[in-house]
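See structure below.
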Amino acid sequence: MLPGSSQDTDKLTVGIALLPSKAKKHLKGSLLARAANAGIQIKVVDPDQPLEEQGPFDVVLHKVNRNKAWRGAFIQFQKRHPEVRVLDAFDAIKTLQCRETMLQPFDEGPIIVQDPSATEQTAPGSSLRCCAPVQIALHEGCTADMAVAAVDAAGMQVPLVGKPLWADGREGSHGLAIVHDEGAIRRLVSPARPGVPASPFGPPLMLQQYIDHGGCLFKVYVMGPIVVMARRPSLQIPVAEGDLTDGGLDGSLQSVARVSAFHSGTPSPSTSWGDPPHWLVEGLAQELRHRLHLHLFNFDLIRPRRHPVHGAQHRTSDYLVIDINYFPGYEKLPGYESMMVDFLQTLAADSRKPHDATFACPSHLKHAVSQTPSWSRRDESYKGQQKDDVGGHGCGS
């Protein structure tokens, strides 16, 4: 049993604080009933009411974005009740709320995962290298000339993916645009002009290199040690007409539906490759968990479609992580109730361990540590490759 102020020592009492729209989808009766059958009481926390009046709790899970009053009250609650385990820490969550820092785990270097079943005979081909694509942030005040210069300095090539900088649930944070030429880069940061279609969003924004991956991504859901992967349709070039929004934009700057809304029925060439090996998905998930110091997140994984690489300086990646989200829509997964209950039971089992021990790095991971600046470590995998090496991405939870 976790230490805490719960009066019933036979039950694990978990408070879950979510925004009303998310709570309605996630905290269903089926979840509460399955948890109760496992000896876990889930209490739906109202962020507008004092936590002490809604307890006692052994554990509190939370995702209440952009609510300073809630954050302040919660931090004070933690100080008064250090025995209550809180998942996750605000500072760790904050990393994923901005796309400039979202892929920061790769600042430490690429993640190289070794097949744990490999032998000396199979060792040369038994590891896979995972990185993040090149991306740059364009902040408020960035001019068109500055934006074009930044893209050139980063070695990026059109097409590019434009995304709002903030990923904290605010209106428009799931926007997505495809940038096909220099004029489109300029339009993203320039004020609207008569006769020119308005940009879907402006600075602050993120431009990310567009990697061709056959219109298929692998969405990996993580709940502590529990990892589940789902194949999802993703963006392809040319963009299917049904995946464009009604923005009336011209061909050089296209506003695109978030990936969860994609409905193009085009068969994915990635299907012939098969899914990533389970040992890669597990190892990558746990290393990201270790680097992020988070328990509840998902990430979008793509496999690039390679062309011949000319020159040793053009380093490649087997897979790329293009997006990471905190406390995603687990309820979209079949049987998510069992997944959540299993996760809560692992918390009870870990109650006597130091909390940092749950972030221990798996033994089959290799680390490649960079001495280069953080942005270039993230960039070098695709910097300078041939133009048709780059393709499509998606975003969303």
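The backbone N, Cα and C atoms fix where each Cβ goes, glycine too.
TrEMBL annotations: computationally assigned, not manually curated.
Quick caveat, the model's predicted, so the values are computed rather than measured.
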Site-mate of LYS22, HIS174, LYS219, ASN325, GLY329 for 1D-myo-inositol 1,3,4-trisphosphate in TrEMBL, selected among LYS43, LYS63, LYS68: LYS63
Closest of LYS22, GLN208, CYS216 to ASP300 (Mg(2+) 1 binding site), Cα positions, binding-site residues only: CYS216
Those binding-site residues listed as LYS22, LYS219, and which of them has the most Cβ atoms within 10 Å of its own Cβ: LYS219
Inter-residue Cα distance where the pair is ASP323 (Mg(2+) 1 binding site) and ASP212 (ATP binding site), in Å: 15
Between ASP323 (Mg(2+) 1 binding site) and TYR210 (ATP binding site): CA-CA distance (Å): 13
